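Colleague: Annotations per TrEMBL:
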TRANSMEM  13-31  transmembrane segment
TRANSMEM  43-63  transmembrane segment
TRANSMEM  83-107  transmembrane segment
TRANSMEM  119-140  transmembrane segment
TRANSMEM  146-165  transmembrane segment
TRANSMEM  177-200  transmembrane segment
TRANSMEM  206-227  transmembrane segment
Amino acid sequence: MDKLISNKNLIKISSNTIIIIYFIFLCIDFITKDLKNTYSVTLKYSAIVLCFIISLLIKSHGYSKRDKSLVQLARLFTLIADYFLAISGNYIMGVFFFSLVQITYIIRHSIMENSKYKNLMFFIVSLSIALTVSLKIEIASIEKNLVVLALIYASLLITSLYCSVSTITRGKYSQKTSWIIALGMFLFFMCDLNVGLYNIVAGGNIKFFLGFLIWLFYLPSQLLLTLSGFKVQYLKKVFCNI
(Lines of atoms letter the chains of each structure in order from A and count residues from 1; the text may use other names and numbers.)
(Lines give C-alpha, C1' and ligand atoms only; values in the text may rest on other atoms or scores of the structure.)
Protein backbone atom coordinates (compact mmCIF):
# COMPACT_ATOMS: atom_id res chain seq x y z
CA MET A 1 0.00 0.00 0.00
CA ASP A 2 2.82 2.39 0.88
CA LYS A 3 4.47 1.69 -2.46
CA LEU A 4 1.20 2.39 -4.27
CA ILE A 5 0.75 5.73 -2.49
CA SER A 6 4.39 6.61 -3.12
CA ASN A 7 3.99 5.84 -6.81
CA LYS A 8 0.84 7.97 -7.06
CA ASN A 9 2.41 10.86 -5.20
CA LEU A 10 5.49 10.77 -7.42
CA ILE A 11 3.33 10.91 -10.55
CA LYS A 12 1.29 13.80 -9.14
CA ILE A 13 4.34 15.75 -7.94
CA SER A 14 6.17 15.21 -11.25
CA SER A 15 3.12 16.29 -13.27
CA ASN A 16 2.59 19.40 -11.15
CA THR A 17 6.29 20.23 -11.39
CA ILE A 18 6.08 20.01 -15.19
CA ILE A 19 3.14 22.44 -15.17
CA ILE A 20 5.07 24.89 -12.95
CA ILE A 21 8.17 24.59 -15.16
CA TYR A 22 5.95 25.20 -18.20
CA PHE A 23 4.70 28.56 -16.96
CA ILE A 24 8.14 29.61 -15.74
CA PHE A 25 9.92 29.06 -19.07
CA LEU A 26 7.05 30.66 -21.01
CA CYS A 27 7.48 33.76 -18.83
CA ILE A 28 11.26 33.68 -19.34
CA ASP A 29 10.86 33.40 -23.11
CA PHE A 30 8.25 36.17 -23.25
CA ILE A 31 10.21 38.58 -21.05
CA THR A 32 13.69 37.98 -22.50
CA LYS A 33 12.52 37.49 -26.11
CA ASP A 34 15.33 34.92 -26.26
CA LEU A 35 14.14 31.39 -27.06
CA LYS A 36 17.64 29.98 -26.56
CA ASN A 37 18.08 31.40 -23.07
CA THR A 38 20.14 28.90 -21.05
CA TYR A 39 17.71 28.85 -18.12
CA SER A 40 14.72 28.34 -20.40
CA VAL A 41 16.37 25.53 -22.39
CA THR A 42 17.40 23.78 -19.15
CA LEU A 43 13.86 23.98 -17.78
CA LYS A 44 12.38 22.69 -21.03
CA TYR A 45 14.67 19.68 -21.16
CA SER A 46 14.12 19.00 -17.44
CA ALA A 47 10.37 18.78 -18.11
CA ILE A 48 10.98 16.21 -20.87
CA VAL A 49 13.13 14.20 -18.45
CA LEU A 50 10.26 14.27 -15.95
CA CYS A 51 7.87 12.98 -18.63
CA PHE A 52 10.21 10.03 -19.17
CA ILE A 53 10.34 9.38 -15.41
CA ILE A 54 6.52 9.43 -15.21
CA SER A 55 6.36 6.82 -17.99
CA LEU A 56 8.56 4.52 -15.90
CA LEU A 57 5.91 4.68 -13.16
CA ILE A 58 3.18 3.12 -15.32
CA LYS A 59 4.12 -0.36 -14.06
CA SER A 60 0.91 -2.44 -13.82
CA HIS A 61 -1.37 0.59 -14.19
CA GLY A 62 -1.36 0.69 -17.99
CA TYR A 63 -3.39 -1.09 -20.66
CA SER A 64 -0.88 -3.85 -21.34
CA LYS A 65 2.83 -4.61 -21.06
CA ARG A 66 3.26 -3.93 -24.77
CA ASP A 67 1.43 -0.60 -24.59
CA LYS A 68 3.50 0.42 -21.56
CA SER A 69 6.76 -0.52 -23.32
CA LEU A 70 5.81 1.49 -26.41
CA VAL A 71 4.98 4.58 -24.33
CA GLN A 72 8.31 4.27 -22.52
CA LEU A 73 10.18 3.75 -25.80
CA ALA A 74 8.50 6.84 -27.29
CA ARG A 75 9.52 8.83 -24.20
CA LEU A 76 13.12 7.61 -24.50
CA PHE A 77 13.32 8.54 -28.19
CA THR A 78 11.80 11.94 -27.35
CA LEU A 79 14.44 12.49 -24.68
CA ILE A 80 17.21 11.73 -27.19
CA ALA A 81 15.58 13.80 -29.96
CA ASP A 82 15.21 16.85 -27.72
CA TYR A 83 18.83 16.53 -26.64
CA PHE A 84 19.96 16.74 -30.26
CA LEU A 85 17.58 19.57 -31.18
CA ALA A 86 17.53 21.73 -28.05
CA ILE A 87 21.00 21.17 -26.62
CA SER A 88 23.52 19.91 -29.19
CA GLY A 89 21.94 21.56 -32.25
CA ASN A 90 22.24 18.42 -34.39
CA TYR A 91 19.07 18.84 -36.44
CA ILE A 92 19.46 15.75 -38.64
CA MET A 93 19.80 13.43 -35.64
CA GLY A 94 17.01 15.30 -33.87
CA VAL A 95 14.57 14.85 -36.75
CA PHE A 96 15.69 11.22 -37.15
CA PHE A 97 14.87 10.39 -33.52
CA PHE A 98 11.59 12.30 -33.68
CA SER A 99 10.76 10.11 -36.70
CA LEU A 100 11.33 7.10 -34.44
CA VAL A 101 9.03 8.73 -31.89
CA GLN A 102 6.22 8.98 -34.43
CA ILE A 103 6.82 5.43 -35.70
CA THR A 104 6.53 4.20 -32.11
CA TYR A 105 3.26 6.06 -31.58
CA ILE A 106 1.89 4.81 -34.91
CA ILE A 107 2.67 1.22 -33.88
CA ARG A 108 1.20 1.79 -30.41
CA HIS A 109 -2.07 3.27 -31.60
CA SER A 110 -2.40 0.85 -34.53
CA ILE A 111 -2.01 -2.18 -32.26
CA MET A 112 -4.86 -0.84 -30.13
CA GLU A 113 -7.15 -0.33 -33.14
CA ASN A 114 -9.56 -2.71 -34.84
CA SER A 115 -8.56 -1.63 -38.37
CA LYS A 116 -4.77 -1.47 -38.74
CA TYR A 117 -4.48 -1.56 -42.53
CA LYS A 118 -6.16 1.82 -42.97
CA ASN A 119 -3.27 3.35 -41.02
CA LEU A 120 -0.72 1.65 -43.27
CA MET A 121 -2.47 2.88 -46.42
CA PHE A 122 -2.67 6.40 -45.00
CA PHE A 123 1.08 6.36 -44.31
CA ILE A 124 1.93 5.08 -47.80
CA VAL A 125 -0.09 7.91 -49.38
CA SER A 126 1.45 10.52 -47.04
CA LEU A 127 4.98 9.25 -47.68
CA SER A 128 4.45 9.22 -51.45
CA ILE A 129 3.31 12.85 -51.36
CA ALA A 130 6.26 13.82 -49.14
CA LEU A 131 8.83 12.16 -51.42
CA THR A 132 7.25 13.79 -54.48
CA VAL A 133 7.40 17.21 -52.82
CA SER A 134 11.03 16.60 -51.78
CA LEU A 135 12.01 16.29 -55.44
CA LYS A 136 10.48 19.68 -56.22
CA ILE A 137 11.24 21.81 -53.18
CA GLU A 138 14.41 23.84 -52.65
CA ILE A 139 15.05 25.94 -49.53
CA ALA A 140 18.32 27.86 -49.79
CA SER A 141 18.90 28.17 -46.03
CA ILE A 142 18.33 24.45 -45.31
CA GLU A 143 20.43 21.57 -46.63
CA LYS A 144 18.70 19.11 -48.96
CA ASN A 145 19.17 16.04 -46.72
CA LEU A 146 17.44 17.80 -43.83
CA VAL A 147 14.57 18.89 -46.10
CA VAL A 148 14.01 15.30 -47.30
CA LEU A 149 14.19 13.94 -43.74
CA ALA A 150 11.82 16.65 -42.52
CA LEU A 151 9.28 15.79 -45.23
CA ILE A 152 9.47 12.09 -44.35
CA TYR A 153 8.95 13.10 -40.72
CA ALA A 154 5.96 15.21 -41.78
CA SER A 155 4.35 12.16 -43.41
CA LEU A 156 4.92 10.19 -40.20
CA LEU A 157 3.51 13.01 -38.08
CA ILE A 158 0.34 13.29 -40.18
CA THR A 159 -0.09 9.51 -40.09
CA SER A 160 0.46 9.54 -36.33
CA LEU A 161 -2.19 12.24 -35.92
CA TYR A 162 -4.59 10.18 -38.06
CA CYS A 163 -3.92 7.05 -35.97
CA SER A 164 -4.39 8.90 -32.69
CA VAL A 165 -7.73 10.42 -33.75
CA SER A 166 -8.83 7.02 -35.07
CA THR A 167 -8.53 5.52 -31.58
CA ILE A 168 -11.61 7.55 -30.60
CA THR A 169 -13.92 5.65 -32.94
CA ARG A 170 -12.24 2.27 -33.36
CA GLY A 171 -9.68 1.97 -30.58
CA LYS A 172 -9.43 -0.44 -27.67
CA TYR A 173 -8.57 2.28 -25.15
CA SER A 174 -11.20 3.82 -22.90
CA GLN A 175 -12.96 6.79 -24.52
CA LYS A 176 -11.27 9.28 -22.18
CA THR A 177 -7.82 7.85 -22.89
CA SER A 178 -8.50 8.02 -26.63
CA TRP A 179 -9.34 11.72 -26.30
CA ILE A 180 -6.17 12.31 -24.26
CA ILE A 181 -4.14 10.60 -27.01
CA ALA A 182 -5.88 12.55 -29.79
CA LEU A 183 -5.49 15.90 -28.01
CA GLY A 184 -1.86 15.16 -27.18
CA MET A 185 -1.01 14.30 -30.78
CA PHE A 186 -2.96 17.31 -32.11
CA LEU A 187 -0.88 19.61 -29.88
CA PHE A 188 2.25 17.75 -31.08
CA PHE A 189 1.15 18.44 -34.66
CA MET A 190 0.58 22.14 -33.89
CA CYS A 191 4.03 22.31 -32.33
CA ASP A 192 5.72 20.85 -35.40
CA LEU A 193 3.65 23.02 -37.73
CA ASN A 194 5.14 26.04 -35.97
CA VAL A 195 8.61 24.47 -36.14
CA GLY A 196 8.26 24.30 -39.91
CA LEU A 197 7.03 27.89 -40.19
CA TYR A 198 9.74 29.07 -37.78
CA ASN A 199 12.46 27.67 -40.04
CA ILE A 200 10.96 29.27 -43.14
CA VAL A 201 10.32 32.79 -41.78
CA ALA A 202 13.32 35.12 -42.06
CA GLY A 203 13.17 36.85 -38.67
CA GLY A 204 11.59 39.57 -36.55
CA ASN A 205 8.60 39.45 -34.21
CA ILE A 206 6.78 36.84 -36.30
CA LYS A 207 9.70 34.42 -36.01
CA PHE A 208 9.82 34.92 -32.23
CA PHE A 209 6.05 34.40 -31.97
CA LEU A 210 6.26 31.14 -33.96
CA GLY A 211 9.16 29.97 -31.80
CA PHE A 212 7.18 30.82 -28.66
CA LEU A 213 4.22 28.77 -29.91
CA ILE A 214 6.45 25.69 -30.40
CA TRP A 215 6.83 25.00 -26.68
CA LEU A 216 3.42 26.44 -25.84
CA PHE A 217 1.99 23.43 -27.72
CA TYR A 218 4.84 20.96 -27.25
CA LEU A 219 5.11 20.38 -23.50
CA PRO A 220 1.35 19.88 -22.92
CA SER A 221 1.39 17.35 -25.77
CA GLN A 222 4.20 15.41 -24.14
CA LEU A 223 2.56 15.33 -20.73
CA LEU A 224 -0.76 14.18 -22.20
CA LEU A 225 0.84 11.44 -24.30
CA THR A 226 2.80 10.27 -21.25
CA LEU A 227 -0.28 10.16 -19.03
CA SER A 228 -2.19 8.29 -21.76
CA GLY A 229 -0.13 5.26 -20.79
CA PHE A 230 -2.09 5.01 -17.53
CA LYS A 231 -5.63 3.70 -17.26
CA VAL A 232 -8.09 6.51 -16.54
CA GLN A 233 -9.22 4.85 -13.30
CA TYR A 234 -5.67 5.04 -11.97
CA LEU A 235 -5.25 8.69 -13.06
CA LYS A 236 -8.40 9.53 -11.10
CA LYS A 237 -6.80 8.01 -8.01
CA VAL A 238 -3.63 10.03 -8.64
CA PHE A 239 -5.17 13.44 -9.28
CA CYS A 240 -8.57 13.24 -7.58
CA ASN A 241 -7.54 11.19 -4.51
CA ILE A 242 -10.29 8.65 -5.03
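Numbers here mean position along the shown chain, with the first residue as 1.
Note that Cβ sites are derived from N, Cα and C of the backbone, with glycine treated the same way.
Thinking about packing and proximity, how do these listed features fit into the structure?
Modeller: Within the chain carrying the transmembrane segment (13-31), a Cβ under 8 angstroms from the stretch's Cβ atoms is held by residues 37, 39-40, 43-44, 46-47, 50-51, 53-54, 57, 211-212, 215-216, 219-220, 223, 227, 239, all 6 or more beyond its ends.
Sequence-distant contacts of the transmembrane segment (177-200), counting only residues of its own chain at least 6 positions beyond either end whose CB sits under 8 Å from a CB of the stretch, comprise 63, 105, 109, 139, 141-142, 150, 153-154, 157-158, 160-161, 164-165, 167-168, 171, 207, 210-211, 213-215, 217-218, 220-225, 227-228, 231-232.
Long-range neighbours of the transmembrane segment (206-227) within the same chain, counting only residues 6 or more positions beyond its ends whose Cβ lies under 8 Å from a Cβ of the stretch, are 15, 18-19, 21-22, 25-26, 29-30, 33, 35, 44, 47-48, 51-52, 54-55, 71, 74-75, 78, 105, 180-181, 183-188, 190-191, 194-195, 197-198, 235.
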Colleague: Near the transmembrane segment (83-107), which same-chain residues lie under 8 Å Cβ to Cβ, leaving out any that are not at least 6 residues past its ends?
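Modeller: Beyond its ends, the transmembrane segment (83-107) has Cβ neighbours at 41, 44-45, 70, 73-74, 77, 119, 123, 145-146, 149-150, 152-153, 156-157, 159-160, 163-164, 185, 225.
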